[in-house]
Each structure stands twice: as C-alpha cells, then as structure tokens.
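Listed features, source Swiss-Prot:
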DISULFID  CYS36-CYS182  disulfide bond
CARBOHYD  ASN55  N-linked glycosylation site
CARBOHYD  ASN119  N-linked glycosylation site
SIGNAL    1-20  signal peptide
Amino acid sequence: MANQIYLFSLICLSVLLCQSYTVSSFQKSLDLAKPCKRFVLHLHDIAYDGDNAANATSAAIVNPLGLGDFSFGKFVIMDDPVTMDQNYLSKPVARVQGFFCYHGKATYDAWIAWTVVFNSTQHKGAFTIMGENPFMEPTRDLPIVGGTGDFIMTRGIATLTTDHIDGSKYFRVKLDIKLYECYH
C-alpha cells in the first residue's frame, strides 16, 4: 500500500512539474462563439479484466482503497484509440494517453490528465486535457492546457459526452474539441 501511495504521489508530482503555463505580456481577446479549430473525436476504452491483455487499452494500477462505494483511490492508466466516428474498428486518427483517478468519496468523480496524440497526414502533435471530470453528468467541459506540433501552445475546451457504456469493460466518450488559441 505504501508503494502504491508513493507511485501515485510520484506520478502526480511529475505531471505538475511537466505542465506549465506561458504568461504573455498582452491580452488576447477570445471569441468563444468562433474557435480557430474544432473537431469531434471518439475515444474508445477497453478495461483490462485479467483475461484480455491483447485488447485492453487501460488498466487499474492502484485499486480502490475500500473507503466507500465510489472507487475512491482507484488509479487507471490508459492508451486509448481515438476515431472520427463511433466505430471502434475505424482507423484511429489519434490516441489518448494518460491517466485518471477516482477522487470522490460521496459520488463517482475522476480527475484526468490526458494527452491526445496525433500522428496522421492531417495532424501531427498533441494537446493536453486536464481537470475534474464529474462523469455522471451528461456533458463535461474540461480545459485544454497546451500542446505541441500543430497544436503548439494551444488552449481550448474539450466537451466530453459519454455515449456508450458496456458494464465495466468498455466505454466510448465523444470529445468535442474547440481550440481558441491556434498558432498553426
């Protein structure tokens, strides 16, 4: 248990040290009605259940601590395919790599750190989504806090909608990406 807490603390510290904001000396007005880039993606997650190592795209590396009914303390790492449509078998256009941890003791709640990594003819680079994901809500807005490549220093909003759940083995999330600072 001490090793799990140490591992969790080390991962959180690494994320905080790797993410930084660039402060500029000028204010740029943002038109929230007109993002500079917008696209809709679909994340597909297959949870590891002990028998599906070849197909699993996520795995719990710290299990719930038994402190309630809402998986408090569970820590999941993921490398999920992202498609342009809802079909899991469609060609992936990106991957979501990162983690989420359940941190609500009174309701299902997760804090996420995801990097959407593109390597296609259309886009190269990545952007990062971080924040509170109250996934029992129909839609959730999470901040996009930066990026690389085609998404260098981008900022925006990712609106998440869980559009399919198959027990604890599979879920699909629609990502409505709206970027408001674009340099490419």
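Using N, Cα and C of the backbone, Cβ positions are placed for all residues, glycine too.
Sequence features annotated in Swiss-Prot and their locations in the structure.
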| residue | record | DSSP class |
| --- | --- | --- |
| CYS36 | disulfide bond | coil |
| ASN55 | N-linked glycosylation site | coil |
| ASN119 | N-linked glycosylation site | strand |
| CYS182 | disulfide bond | coil |
Next item on the list: Taking the Cβ of CYS182 (disulfide bond) as the reference point, list residues of the same chain whose Cβ is under 8 angstroms away and which are at least six residues distant in sequence.
Entry: CYS36, LYS37, PHE151, THR154
Item checked: Integer Å distance between the CA atoms belonging to ASN55 (N-linked glycosylation site) and ASN119 (N-linked glycosylation site) -> 21
Next item on the list: Ten-angstrom check, please: count other Cβ atoms within 10 Å of the Cβ of ASN119 (N-linked glycosylation site), all chains counted.
Entry: 13
Check: Around CYS36 (disulfide bond), how many other CB atoms lie within 10 A of its CB?
Finding: 15
Notebook entry, point to check: Going along the chain, which residues six or more apart from ASN55 (N-linked glycosylation site) have their CB under 8 A from its CB?
Noted result: ILE46
